[in-house]
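Here the structure is laid out as structure tokens; the discussion comes afterwards.
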Amino acid sequence: MQTIPDMNWEAVTEHIARELRNYIVREAGKSGGVIGVSGGVDSAVTLLLTVRAIGAQNVHALILPSKTTPKEDLEDAFSVLELARVPKENIEVINIEPILESFEKNLGDLTKEERGNLAARVRMCILHQRAYRKNALVIGTGDKSELLLGYFTKYGDGGVDILPIGDLYKTQVRKLGVFLGLPERIAFKPSSPRLWPGQTAEGELGLSYEIADLILYSIFEMGIAPEKVPENLHIEKKYVDRVMELYKRSEHKRNPPKIIRVSRH
């Protein structure tokens with residue numbers, strides 16, 4: 001199968017670290033960054049880039065498990081924190097399950113999707129509270145594939161201050177992770193928000209990230225019309241249709257709230 005073009009990962013790393021440091025320190029006037037570390041590739045790469053940008057002593061990492069968080073994810077999260085040399089006093093583990101149970105007690109039964117989105121929003125509330133306390137910014141972990149496909153929770157994992165890997169596709173993030181020294185078990189771990197048991201990103205999306213990234217790259221980076229992609233890439237039309245459906249359906253997630261204008265300009 002074709003893949004999207006490789007990049008100079010040293011140059012990419014230096015560029016992201018420089019821009020991230022400039023935004024946190026100069027533009028926002030903050031002294032650090034707060035990151036939710038899940039044990040997945042996106043948060044791992046984001047953590048390593050942020051450490052390069054502002055130093056491990058200025059990074060505050062939170063692990064926010066619930067009852068659906070697998071043990072291996074916790075182990076991988078701690079492994080990445082050790083790799084990044086984040087000081088132990090900068091690492092915090094908060095079990096969000098009691099918070100979710102409190103919501104359920106007051107709101108009634110929740111579907112798995114409702115509970116999952118609630119979990120993402122609870123995590124973001126905690127990250128922002130800690131960021132306020134630390135005079136820091138919340139560093140988001142979303143990648144370009146997730147942003148274009150709308151595979152994130154609005155005002156949950158999407159509610160951040162900056163997205164260091166937001167212009168890298170998922171398959172590129174995996175390669176960058178390997179370059180940065182991530183173990184392959186983390187760099188190539190199947191993506192999942194772990195919002196409910198058995199959830200996988202590719203299962204929900206209906207196609208692999210390898211295929212999705214090829215389609216997205218062709219349309220948004222090369223300017224190929226969607227109807228031309230199946231012929232050009234030898235990819236089934238149903239996959240292109242699915243990608244475009246997800247993109248159009250999630251447009252509201254990528255934009256600020258719409259303002260109904262009444263004033264004249």
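Positions of Cβ are set from backbone N, Cα and C atoms, glycine also.
TrEMBL labels come from automatic prediction, so no person has curated them.
From a predicted model like this one, the values you see are computed outputs, not experimental measurements.
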Candidate sharing the deamido-NAD(+) site with K154, D161, H252, K253 (per TrEMBL), from R121, R123, R130, R194: R121
Largest tally of Cβ atoms lying within 10 Å of a Cβ, found at which of the binding-site residues D42, E146, D161: E146
Deamido-NAD(+) site span - longest C-alpha distance across R121, K154, D161, H252, K253, in Å: 18
Largest inter-residue Cα distance among G36, V37, S38, G39, G40, V41, D42, S43, T141, K170, S192 [record-listed ATP binders, Å]: 18
Among G36, D42, E146, S192, which are recorded as binding-site residues, the nearest neighbour of K154 (deamido-NAD(+) binding site) by Cα: E146
Inter-residue Cα distance where the pair is H252 (deamido-NAD(+) binding site) and T141 (ATP binding site), in Å: 19
Among R121, K154, H252, K253 [binding-site residues], residue with fewest other Cβ within 10 Å: H252
